[in-house]
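Annotated in Swiss-Prot:
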type	residues	note
BINDING	Trp36, Trp40, Trp47, Gly74, Asp95, Asp123, Val124, Tyr139	S-adenosyl-L-methionine binding site
MOD_RES	Ser86	phosphoserine
Amino acid sequence: MAEEQQNSSYSIGGNILPTPEEAATFQPQVVAEGGWDKCWEDGVTPWDQGRATPLILHLLDSSALPLGRTLVPGCGGGHDVVAMASPERFVVGLDISDKALNKANETYGSSPKAEYFSFVKEDVFTWRPNELFDLIFDYVFFCAIEPEMRPAWGKSMHELLKPDGELITLMYPMTDHEGGAPYKVALSSYEDVLVPVGFKAVSVEENPDSIPTRKGKEKLARWKKIN
């Protein structure tokens, strides 16, 4: 395993996770050449830890995640979807990439939890399901979209949540690098697009479970839909 330094790549189970600054130097070219499918086809997935996000596991262990219908936009390989799924929490993993969803289904299609989650190919900006969600979890989706699309993201989060629903954002990467994806974010990046549509931040804190290359570069924010 790579030495745990904040400014160098880090390996988890064979997955090399670069810093966001490093990822922003090569990932955009692959996306430009063939979209997100090309990233998955070529194995250029620096956002994918190959396992559930440690923070999600921590929240589950401490019973700090709401129950009910849950959405993970940009679910990728589906690790967080399956981790959160339970008889009391049905989870929908959404992605526009066939390759990502194929991988998710190959990995988790025979999971004993299979009846408690589903993977759906849809665009979160246009998809309107028959039933709204109690919880949405966004980690590396917000930072992957073009910054000018962020107001539309905020509107979609509002439209997809039930009244009094909760949005959990693991805000990353909180850096000052140029370019993307991943694009740099700040708390204000979220406030600017969530507060005007009816969200209130109920807590903002450092992520105690960051992997080494992301330590000090991400924060956990929990938002309530108040109107």
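Any Cβ shown, glycine's included, is placed from N, Cα and C.
Projection of Swiss-Prot feature records onto the structure.
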residue : record                               : Cβ contacts under 8 Å, 6 or more apart
Trp36   : S-adenosyl-L-methionine binding site : Asp95, Ile96, Ser97, Lys99, Ala100
Gly74   : S-adenosyl-L-methionine binding site : Leu94, Asp95, Val124, Asp138, Val140, Phe141, Ala144
Ser86   : phosphoserine                        : Leu67, Lys113, Tyr116
Asp123  : S-adenosyl-L-methionine binding site : Ile96
Tyr139  : S-adenosyl-L-methionine binding site : Thr53, Asp80, Thr169, Leu170, Tyr172
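When secondary structure is read from DSSP and collapsed to three states, Ser86 (phosphoserine) falls in the strand class. Counted within 10 Å of its Cβ, the other Cβ atoms near Asp95 (S-adenosyl-L-methionine binding site) come to 27, all protein chains included. In the three-state DSSP scheme, Trp36 (S-adenosyl-L-methionine binding site) is classed as helix.
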